[in-house]
Each structure stands twice: as C-alpha cells, then as structure tokens.
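Worksheet: the structure to be examined is printed underneath.
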Amino acid sequence: MTELINSEPTLFLFPNKEDSKQLVEKAIEVFSNIKIPSTSPIQTIVTKGLDNWQIYNQLALAAKYALDDLPQVDVENEDEEEDSITSFQDEDDETSHQELSDNSEMNNRDDADDEFLGFSGPENLEDVDESSAEDVSGDEAEIMNEEGQQIEQKKDAFGLNDGFFDIDNFNKQTLALEEEAVEEGVLGDEDDGIDLLMDPDENMEDSEDESNGPQADSIMYEDFFGPKTAAGRRELKKKKAESKRKRTSKPDFKNDVQQNVIEENNESSDNEYATFDRVKKDLFASDEEDDVSADQLSSYERDKARLTQQIRELEAENVAKKSWTMMGEATSKGRPSNSLLDVDLEFETGAKPVPVQTEETTETLEDLIKNRIISKTFDDVPKRAPVAVTEFRPSELFELNENKSQRSLAEEYEEEFLKKSNADTYKSEADKKKEKEHEEIKALFSEVSRTLDSLASWHYVPPPPESTVEIVSNAPTLAMEDVQPTAASDTMALAPQEVYKPSNENREGETITRSGIAISSTEMDHQQKQARRRRVRRKHAEKRKQMAEKRRNSGTEQVVRQLSKSNVEVIGKGGERKKVASNSNKYHPIVSSNQLKL
C-alpha cells in the first residue's frame, strides 16, 4: 500500500464506480433495518434512474433524521469521549501505549470521517445490525486490552475494503508517515514553520521521491470525500474539550508514568490535528483568509487581487436587491410610498403643459393690471353688430357632378370655343336645363288656366290652338351635283372609269382597282402586286366558300324557291309578315354614275 501511495497517489483522488456501488448497496441494506421517523422527508429510497451520488444523498438525509430521533447514550470510556466515535467498549487494556496511540488515532480519523458523512456516531452504532457487518482482514482486526479481552474493531459498513484496498491499513500508514514527518521537523507545531509564499517546487526537488504526483503525507480525507463542514469540526472540538475535562477530573490511571505517556500521546494527536488544520488551510484556504502583506506580493499577484476584489464587488452589486428605479416599468405597488416626490421625472404628454402658477408670475400680472388702470389704457376689442345679413341665393350654389364626363376632349374644346366666339347666342347645359324647366312650368300653368276656365264657363271651352312654325323655302330644288353650266356637255361630267371601260380583249395586263381605274401591271409596284394577289386569293376563297355553302343548302334553297314561287308568307320573330324569297330572286341594284364616289 505504501509503495502504491508513493508511486501513484492520484489513484485515490478519483472515485471508483465499483466501490461506490458496493457502498450504496451496503447503505441501503443498513437503511432497511433502521426505523425512519415520520418527520423525515424521505421514507423510501428511490433508485430507478438515479446514480450512486443521488442515492447516497437520499440515504444521508434519511440517516440525519434517524440519528436526531435516537436517544443520547453515555459512554464511560474516556478514549471514546476523546475521539467522539469509536467501536471500543473497554479501554483499560495493558497493551503498549504506542499501539494504543496508533489505534486510537486511526479510529479517530475513521470515526470522524464517518461522522462527517452522517452514517456514524453513538446513536447509529446501536441501530446497525450485527449481521450487516463484514469481517476486516489484516492484523489490525483485533486488539487486546489490559485484561486480555479481544475487542473487535468497527466493521466496514460502506464496503470500501476489497482484496486490494483496506481503509484501516491506509489510515495507519498515513498516520505513521505523518508522525515521521513531525519527528523530522517537516511539519512543525507552530504556524511560523510554514511559509505560505514558498515555492512548492523547491521541496519537490530535494525530496527523495521522484514522482510528479502529490506526496503520501499530504493526502487528506477531504481529497477523497470533500471538505468537512464547519458544524462537524465544531462538534469534534467540543467533544475533545469534554473528554479532556473528564480525563483531568478522573484519576483512573495506574501510575503517573502511564498518565504522562497518554498525555503525551494526546498532545501529539492534538499537534497532529493542528498540523492537519494548518495543511488544510494551506491547501483549501480562500483569498479572504490570506494574511500576506501587500509588500510581499508581486505585481501580478497585486493586480490579480485587485481584479478579484472588483469582481466580488460587481457580483455583490448584481446579486443585491436593486432599487425600483432600476427595475424597468414600476407600478405603484412595485415602489415605496411617496417615492416619486424625491425624483425628477421626464415624461412625454400629448396635452399642452399647464403653466406653473408661481408667486413671481402672479405679482407680474397684478402689476400689469395696476399700470393699465393708472394709465387708463383700456384697449379691449370694441364690440360691433353685424350690418346686414347675407342673402341666401340658391342659384349661386355650385353643384359638383361626381360622375365621369361622357364627352370627349374635342367636345369640351368645341364648347369652350363656342362660348368665347358667340357669347350672346351660346347656351350652356345649365341654361338649357333652366329653359326646359321654364317650358315645363309654362305648360303646367296653361293647363291649370284652361281647367279653371272650363269650370267657370257654362259651355265647352276648346283647347287653345297650338302655334306651329313652318319654314317655306322659295329657292329651286336643285342638288349640287345637278347644277351645271348651260354650255357644258354631259361628257365633261363623267368620271374617268365611265369614260374608259376596258373590254375583255384589251384587258390583258391591266387591273381595275376598287375606284374603277384601270392600271397596267408594269406600272404597279411591289406592294400593289402583293395586294392584288391577296385580293385574288381572297376572292377565290370566298367563291369556294359560297360553292360549299351552296352545296350544303341545296335542299333548303330548293324548298325556299318552291315556296317563293307559291307566294307563301311567313310570320317573323317580331310578328311581321314577309314573303319567302330565294337567293336567286334577290334584287341586285345597278350601279350608276351618280352612286360612284370621287
């Protein structure tokens, strides 16, 4: 074990899953034999879906309530009172003081650690079933007292011991190494023997052990199971003081030599505890407990300490309760009463601010009134009555037409031009509408007058004659195209197509346009030729279409021709009567010269 500690001490710094599993199973077995009080929040241990550490926390919490519920037991053994937790019942053995000191120190360490975990103590020892204890291997399993009685050590209740590791042997070897270090002066009894600012690499170079890991004498219980609580340390010190007081008041030793030896052992154990506390403070001390002066620190350490202090201040400010002004929108319930009276607020409002009525503004207004009265300056606005009431004229009302105008822009310009050119005779739409209304009024009035006359007379009153305007024109009825000079002949009035009519013989190479003018193909340009070809193709297409339609309607045409010969009349959709006529009997008018366009 010592070789393993010196070679690879870091193996004990990491938890072993198998050992932790055995520890939890053994603890559950012990928990099943203990009666848990009703005040405990945990009555059953839940293991499904939880790891060993969570199960261990449940067991520790349940054991705490179970230990508090047990009665106190007085132990007369002074070594049990001194060490606070032990498995010995009689310590009057006549073994050697050195062996007794080693065993007591070893038990002190084990029991103090178990008490810190919450699974040991005088109360818990009574509840643990003897069947749940395991045999401890090694020569340290049994110790003989003065009367030769064999006392069994505390059982391994947590399953830490296996074929390779034994917690008792480990504690003994650790204490032995610590004693050797104390004797050699490595660990002194005074605090001055430890230099807090020393370089730890210096001792590592001088050490015979060439391993890079931590030394065996520096490995503590806290390296495996975490630091002890302050309550556990205070309870341990209290029990130590009580044991010392009882030891001084109870002269139960056989001789002074034995008493001196035991006192020396107690002092050595106290010194060892003090040494352990100093080493623990050196390892786990915080920045607040560092008493090193600022002169002995380097510039980097001073900057680091200053930065740490700033971080602590900022963290404290962040965690502390903030004022209501720093908590966002605060209502009346979220701030103290009358807290707005001492605060200047800036807020936006949509209304016009009311002027503040101060003493200065009041005095200024009073002085202004007094000065006006003294100078008799009464420049108020004089009252005046309206001269005349404006006359309402409906004709001046403007009627806006919301509908879109139906007239074109040319008609608008035409109307505007007529209005400017003939201002006297021009009549707008409003004037025309007004005249129409006047005519309607006159017609209604004449009808009313005639009705009144017929009622007042004894005879029939005929309707008044209506005045009709007829325009008689004395001018000769001559059309413009018929007016010709008397000396001119009819030949001069003919159109070109009437003068020249190409016959079928001399029509080759000539084309008659729509206007009737003949043009030669040599005189035609490319566009005119394309237009002629399109016209010819269109003419042939229409002819073919007519022939196809004629063939389709040959039966219908025959029936219609038969009906037309018989002078049959047919009533149409509008109720009119018409004779049936075939397409062959339709009238084709003859085009004369008067119907041709120039």
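Even glycines carry a Cβ here, placed using N, Cα and C.
Per Swiss-Prot, the phosphoserine annotation among the candidates S249, S268, S554 falls on S268. In Swiss-Prot, the annotation phosphoserine falls on S293, out of S132, S293, S298. Of the listed residues (S131, S286, S375), Swiss-Prot tags S286 with phosphoserine; the rest carry no such note in the record, though that does not show they lack it. Of the residues S84, S101, S269, Swiss-Prot records the annotation phosphoserine for S269. Looking up the ranges 284-303, 304-323, 344-363, 404-423 in Swiss-Prot, the one annotated as region 'Disordered' turns out to be 284-303. Beyond the ends of the compositional bias 'Basic residues' (529-543), by six or more residues, the same chain brings 511, 521 to within a C-beta distance below 8 angstroms of the stretch.
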